[in-house]
Amino acid sequence: MCAALRRNLLLRSLWVVLAIGTAQVQAASPRWEPQIAVLCEAGQIYQPQYLSEEGRWVTDLSKKTTGPTCLRDKMDLLDYCKKAYPNRDITNIVESSHYQKIGGWCRQGALNAAKCKGSHRWIKPFRCLGPFQSDALLVPEGCLFDHIHNASRCWPFVRWNQTGAAACQERGMQMRSFAMLLPCGISVFSGVEFVCCPKHFKTDEIHVKKTDLPVMPAAQINSANDELVMNDEDDSNDSNYSKDANEDDLDDEDDLMGDDEEDDMVADEAATAGGSPNTGSSGDSNSGSLDDINAEYDSGEEGDNYEEDGAGSESEAEVEASWDQSGGAKVVSLKSDSSSPSSAPVAPAPEKAPVKSESVTSTPQLSASAAAFVAANSGNSGTGAGAPPSTAQPTSDPYFTHFDPHYEHQSYKVSQKRLEESHREKVTRVMKDWSDLEEKYQDMRLADPKAAQSFKQRMTARFQTSVQALEEEGNAEKHQLAAMHQQRVLAHINQRKREAMTCYTQALTEQPPNAHHVEKCLQKLLRALHKDRAHALAHYRHLLNSGGPGGLEAAASERPRTLERLIDIDRAVNQSMTMLKRYPELSAKIAQLMNDYILALRSKDDIPGSSLGMSEEAEAGILDKYRVEIERKVAEKERLRLAEKQRKEQRAAEREKLREEKLRLEAKKVDDMLKSQVAEQQSQPTQSSTQSQAQQQQQEKSLPGKELGPDAALVTAANPNLETTKSEKDLSDTEYGEATVSSTKVQTVLPTVDDDAVQRAVEDVAAAVAHQEAEPQVQHFMTHDLGHRESSFSLRREFAQHAHAAKEGRNVYFTLSFAGIALMAAVFVGVAVAKWRTSRSPHAQGFIEVDQNVTTHHPIVREEKIVPNMQINGYENPTYKYFEVKE
């Protein structure tokens, strides 16, 4: 009976084995269920397909999509599910766990679906779920059923797949099948249920054809041409319409609160980092776990920030397939988040199927921690002797798993700050590693310079690579964050438009029509359309402001799409007013009021009055006005930049000129100093020779005075003017002789020469010269001016002695000063020590030590000796305090 039951279980679980598309896990349910499939290929746009109740994939060309590109956004996928299955209550979607081969793809614009004969593709479809849908999992004999539920975790399909695989791996088992638990958002859930089986569980091996296709490749969503279907009442199954006037007023106040903050949102859009156009993978990083960052971030709906156009889907797991050299089996290393909830660690699971056809069994993928655990504790792994390589990656930011449209703006801002801090920490780690390598290089250079130089080259190359990788990673993360924010803002705007249109159409069809309800719903629709318009204009202005000529080029390429989007919004406004005109009574009451309301909304955009009209020319004029303003700002910035550059060059030239002038003055000063030194050196020999001549003359003049004796000296002293008279007489004789010689020379020129006169003149001159040389000269300060102006030898000796005495006096002064200061310091220190000791004594504190031996007649015990010391420190007997309190 047990064998029959086992066979029955194996037959019932055959559909599970057939769904092994990725060699990891099986699907949960083979029965028919609503599903849609989307094919996204570069350069090709295909219509999505849905699974009919007959089990065939069908393309319905009448069901329009929300954009010109393939469906990537979760909200768009959910909307298409609702369109494909209008009779079902579709509230959520989830990615299928296996691939299906689907053909008959129709390109966008095809007119007949029967003629579409596109080649078959392996696609992973999306399941359209109801309010709550739990899959039944088969539990074969020897396997275990378990589930993980954490209300604080709102994770996508892939993340819970990893969590279940890790939980099975901890038990030494492998995950056989799994299913999602309670949903907490669009395509995000708060738990997983799974079945774990032994690693060597016997099951039939099946050859499965697998193709490596991404589920949702990262790309920008061009939402510029979001189409508002005005007359399709099947777009949504909920309505904000209420027949209660109070509820309408509350909804209206909420929308007005959002619109009042719209200017702040648009202004903040320019200051927000738009990210880099790079959409490549962000590379490896080592940030902390998601468990460390688990806060709820709040922000109002009015804080929707209009960022740059283009949005990316949620962070998906990117896998790398590689061949294990030891065993030849294929292993997978993840470039995705790896986090562990409180119940179990997370192990990666594949998102892409391998390319080659091969016989596979259900072997779970291993994360870095799980692989290390298996390598250490189990030696018979199915993938070979060694653990598969895995790349450690940071956990995803909570922003990607927590979404509330009312708090989207604040969550985005907090996530931006968190991303900047994480990037700053990574840069700090890289710089620290660089410092360590630099120290190592300095040590190596002392031992082996050649090896050190080679090491430095490798080190520099690796550092440059690391810095570049960090920059690319940071740009990719910023772009991913901005793209997700853009996606959520656009989805929220579209949701508001759909809800407002549903409310408006229901209010118009109400019998009898309620003018107040129609007015409120139409105002809500007009505000939603205006918000979409403000978003388009803000994005266009952001492109203009994003980077000078490059931003202008990007805005020029985006202008046609922006203009078309504005025209579509104007067309929707006109259609809504046309719908109102079909009801003359309502139109007569509120038509003029609604027209004024439209103009009031348009006036909030800082648009000239001539451009408020809803026409293509007016919209083009608005875009041209923005472009002209930005071009004027760019030209002004360029002019200011050139002027600043010229000022800097002028200041640099002035500084250079001042520097040259300073150098010239310094050179001139040095030249003057050198010239003065040379002049002093040349004057020193002249002065010494002059002094020696003066000394010789003084000695010669002193000799005649000594020969005359004391009598002559007395005569000279008695008649001091005698020498002066003689010198004047000698000077007159000399002048007379010179005059005679000169007259004689003049007479020689005459034709007649008197020889006798010449002879007499010569004799007179010779006699005068002989008489002048024989007569001694008197020492006089006018005669020897140079000798009297120079210092004598005795004065120089006296100056040297005076300088030596002054130097000795200064030394004595310094010694006495130092001794006095030291003595004063010693006195102060002694006084301070004495005061400190005095203050520490009990007598100074008002206590008097009592001799216990004198006052008492009984011997003193040890405790009683301690009591006085305790009382000094403030001790009070508790017995006394007790009686005092009692009294």
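Glycine is treated like the rest: Cβ placed from N, Cα and C.
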Range among 53-58, 641-646, 737-742, 875-880 that Swiss-Prot annotates as motif 'YENPXY motif': 875-880
Swiss-Prot annotation, disulfide partner among Cys128, Cys143, Cys154 for Cys81: Cys128
Cys143, Cys196, Cys197 - which one Swiss-Prot pairs with Cys168 by disulfide: Cys196
Candidate ranges 141-199, 790-848 [criterion: Swiss-Prot lists as region 'CuBD subdomain']: 141-199
From Cys70, Cys106, partner that Swiss-Prot gives for the disulfide involving Cys116: Cys106
Tally of residues which DSSP labels helix, strand or coil - the region 'GFLD subdomain' (30-133): 14 helix, 28 strand, 62 coil
Cα distance (Å, whole number) from Cys143 (disulfide bond) to Cys196 (disulfide bond): 6
Neighbour tally for Cys70 (disulfide bond), based on other Cβ positions within 10 Å of its Cβ: 21
For Cys184 (disulfide bond), the one of Cys81, Cys106, Cys116, Asn150, Asn574 that lies nearest, given that the recorded positions are compared by Cα: Asn150
Nearest of the recorded positions (Cys40, Cys81, Cys168, Asn574) to Cys116 (disulfide bond) - Cα to Cα: Cys40
Residue from Cys70, Cys128, Cys143, Asn161, Cys197 whose C-alpha is spatially nearest that of Cys106 (disulfide bond), among the recorded positions: Cys70
Of Asn161, Asn574 (the glycosylation sites), the residue whose Cβ has the fewest other Cβ atoms within 10 Å: Asn574
